[in-house]
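What follows is one structure encoded as structure tokens, with my remarks underneath.
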């Protein structure tokens, strides 16, 4: 279960809620730093033929932008509701922040864990320590891929599949519903968007083909950095 406090703490890594301190503190004066749509680290057509330029442009510039816009609006309304002591509006905005904040977090991580096929980043050799841990846990990289793919295809409705590192440095496959992000002590190593907007224009109802092809553009270099803690996995 993802709670509202976890979402706010996660978002605060990049743009914390700020308030005046000391005797001048006033909840109605709290300021919110706005989030912005992050630029992609590659061109819209860079992941073809596995993910089309049309999907990438719509997914990034329309869907992700909508999460950012709605998150900023909801944060402003939530701050206003706190200042006014409007509990009902605060509760209403918490759900909006949870959904859109999660959407912004998930997509920001997703773009960075993809890379053009055949690039050095997409070769498992770029993640020697991660692959060794995967093989220790699942027996082989292929066995892990099969398990992860099966988990993705088992998601009912909309959601995400993630490889995460837990607090004991173990690896697990988890899913999150709708736009719930990975929170708590789990570190997202890489994730795959299983919402229809991530694949439908290209693959139609062929979800299995999308899952098969996503492996060609997984950024193992970034996954290794997240696994080792040398990349700010929660930074948007």
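Every residue, even glycine, has its Cβ placed from backbone N, Cα and C.
Feature annotations, courtesy of TrEMBL:
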- 34-115: domain 'Manganese/iron superoxide dismutase N-terminal' (DOMAIN)
- 59, 107, 193, 197: Mn(2+) binding site (BINDING)
- 128-226: domain 'Manganese/iron superoxide dismutase C-terminal' (DOMAIN)
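Taking the binding-site residues 107, 197 in turn and counting surrounding C-beta atoms within 10 angstroms, the largest count is reached at 107. The Cβ neighbour count for residue 193 (Mn(2+) binding site), using a 10 Å radius and every protein chain shown, is 25.
Residue counts for the domain 'Manganese/iron superoxide dismutase N-terminal' (34-115) under DSSP, split into helix (H, G, I), strand (E, B) and coil, are 58 helix, 1 strand, 23 coil. Secondary structure counts, DSSP: the domain 'Manganese/iron superoxide dismutase C-terminal' (128-226) has 49 helix, 22 strand, 28 coil.
When pLDDT values are averaged over the domain 'Manganese/iron superoxide dismutase C-terminal' (128-226), the model yields 96.
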